[in-house]
């Protein structure tokens with residue numbers, strides 16, 4: 001008689017326990033155990049419980065290959081969900097096999113778990129295990145299906161595919177309700193307390209292993225509803241017309257002010273702070289160093305001489321590498337939209353900036369169109385106060401549009417959704433890259449589904465607050481993806497290509513490069529452990545299918561993007577995986593977390609403009625300035641969005657935090673510990689530096705970075 005001792009851990013989440021019958025079957029190289037029910041006195045499998053059981057066999061089973069978990073009806077109780085974290089099996093000789101699960105098991109089904117040792121397909125030779133990999137991926141591909149949102153967009157998850165699966169196909173796929181079509185607007189309606197329509201059906205059905213936890217859902221609602229109702233009760237969400245004075249805008253979120261929001265309110269109109277935001281604001285990726293002026297921006301030395309001073313000139317500063325350009329060309333053909341029944345306007349500015357000898361980045365000249373001429377004056381710091389402020393505000397509006405649509409939603413949310421989908425569809429649970437990437441895909445499918453149901457849907461928040469509306473968003477993102485490259489995606493390459501490696505006080509760059517290096521070192525150790533040679537990379541058919549699917553579905557097979565369609569060496573793997581993890585975590589934090597801080601003072605990030613860009617100088621006053629900014633209700637709706645996306649709901653997992661132990665071998669566990677140690681040192685360095693800054697830069701402090709795109 002051989003006795004196997006099982007230790008079963010149920011997740012600590014709300015409603016994670018089950019009343020259903022749980023049985024197991026152990027499968028080894030020498031046979032399999034009888035199916036045995038796990039039952040003790042009292043309740044089994046309560047949330048957070050760790051319980052021990054024995055499985056008796058007539059003989060030892062050899063090396064354990066699979067553990068089958070059977071979930072079946074118990075008496076008259078309704079079927080429920082069970083979150084199984086892991087099962088540890090102590091064999092008769094005292095050795096321990098770990099079977100990670102970390103998934104919701106719904107309904108009545110059988111789930112097959114493999115030991116936690118990560119294995120590529122090249123390392124599996126037994127037909128039983130090869131068949132298991134094939135069946136697992138086939139089931140996942142039936143559950144997680146691709147869907148086209150709009151031409152030129154990265155493909156997304158089709159929530160229609162979360163349907164009842166046959167019990168013998170349930171590996172991690174346990175949704176039991178058929179979904180309504182995501183594009184069907186029949187459920188697109190207003191809810192009390194929310195200023196926009198919400199596509200309710202698309203929110204109701206989400207595969208349980210990718211949806212928000214109850215804790216996160218409740219936290220999100222508690223962030224959203226009071227803020228929205230508070231503005232509603234004060235009449236702000238319904239008040240149309242211009243703001244009467246600038247100071248009135250401070251009352252929108254009077255109870256949600258931060259140190260940074262106060263700093264922005266005090267310094268927003270200063271040229272130094274305008275330039276600072278290109279380095280450490282929410283869109284720190286726009287600047288390019290230039291050695292000559294583009295023909296479409298005919299700035300002369302005489303125009304900028306008063307700012308440059310007598311000791312230098314424009315040509316000299318160009319040659320020294322001190323002149324930078326922010327070019328919003330992508331907005332030139334963007335369609336515009338009506339808000340409150342009034343036409344809105346968009347500019348496509350060119351903003352020239354200078355790095356002064358004092359190390360400050362300041363604007364030199366602003367042209368509000370891509371076509372120079374008499375109707376497109378070049379605005380200068382020497383112009384009247386209101387002319388210059390209005391020109392800068394137009395640039396800030398362009399910053400808002402490019403940041404929200406491309407830098408933020410396209411390049412983090414949508415691309416990371418494609419990475420998550422390819423990982424779920426092409427890599428089995430036992431694959432080392434699945435184990436590496438899974439924590440960095442947590443909740444991404446859910447948050448993007450929420451975004452499409454509340455922001456991108458017809459009459460959603462994008463239609464309610466932006467000058468380009470939903471159709472303009474589609475144009476911007478499709479155009480942005482068509483020009484997005486692998487160089488843009490990889491932080492060190494992007495900084496080098498933009499010529500911004502030497503700018504002082506560029507905290508996004510400095511912190512980002514440290515985090516990139518820490519991720520790269522971690523990934524290099526993991527890849528080196530599982531992929532010792534070029535051949536081991538090239539022969540991994542699952543890895544190549546994963547890479548090819550990302551290339552086809554995220555980047556639409558565009559060769560000019562420079563993204564890999566297959567991986568040939570461990571070095572190529574390390575770079576690609578490092579970039580994915582960085583963009584799913586640190587890059588998203590950098591472009592998301594500060595939105596309320598920098599946008600709560602509305603003139604610093606207006607979502608729309610009600611007057612066309614000025615064609616002459618000398619006509620702007622305070623009144624015309626206020627009449628150009630968004631109306632009161634538009635401003636409040638947009639600031640509500642800023643507030644929500646900047647408040648990470650509960651159930652957070654900071655970068656490098658891996659409570660789900662998918663890796664069970666000692667080598668990757670040591671690599672994880674080393675990664676966490678590096679991140680802790682980076683955090684200490686950032687906090688020490690911030691003590692000497694007038695405005696601390698905290699968005700890339702590792703404890704404040706979420707592992708994944710989850711809000």
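Note: Cβ is positioned from N, Cα and C throughout, glycine not excepted.
Per Swiss-Prot, the feature domain 'PLAT' maps to 2-119; the stated evidence is sequence analysis. Remark: secondary structure over the domain 'PLAT' (2-119) totals 0 helix, 64 strand, 54 coil, with classes taken from DSSP.
Per Swiss-Prot, the feature domain 'Lipoxygenase' maps to 120-711.
Look at residue 408 (Fe cation binding site): DSSP puts it in a helix. Around the Cβ of residue 408 (Fe cation binding site), the same chain contributes 282, 588, 591, 592, each under 8 angstroms and 6 or more positions distant in sequence. What Swiss-Prot records for 408, 413, 588, 592, 711 is Fe cation binding site, and it gives sequence analysis as the kind of evidence.
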Reported mean pLDDT - the domain 'PLAT' (2-119): 95
Neighbouring C-beta atoms (10 Å sphere around the C-beta of residue 592 (Fe cation binding site)): 22
Spatial neighbours, same chain, of residue 413 (Fe cation binding site) - Cβ under 8 Å, 6+ residues apart: 444, 447, 448, 451, 588, 709
Residue 711 (Fe cation binding site): tally of other CB atoms within 10 A of its CB: 24
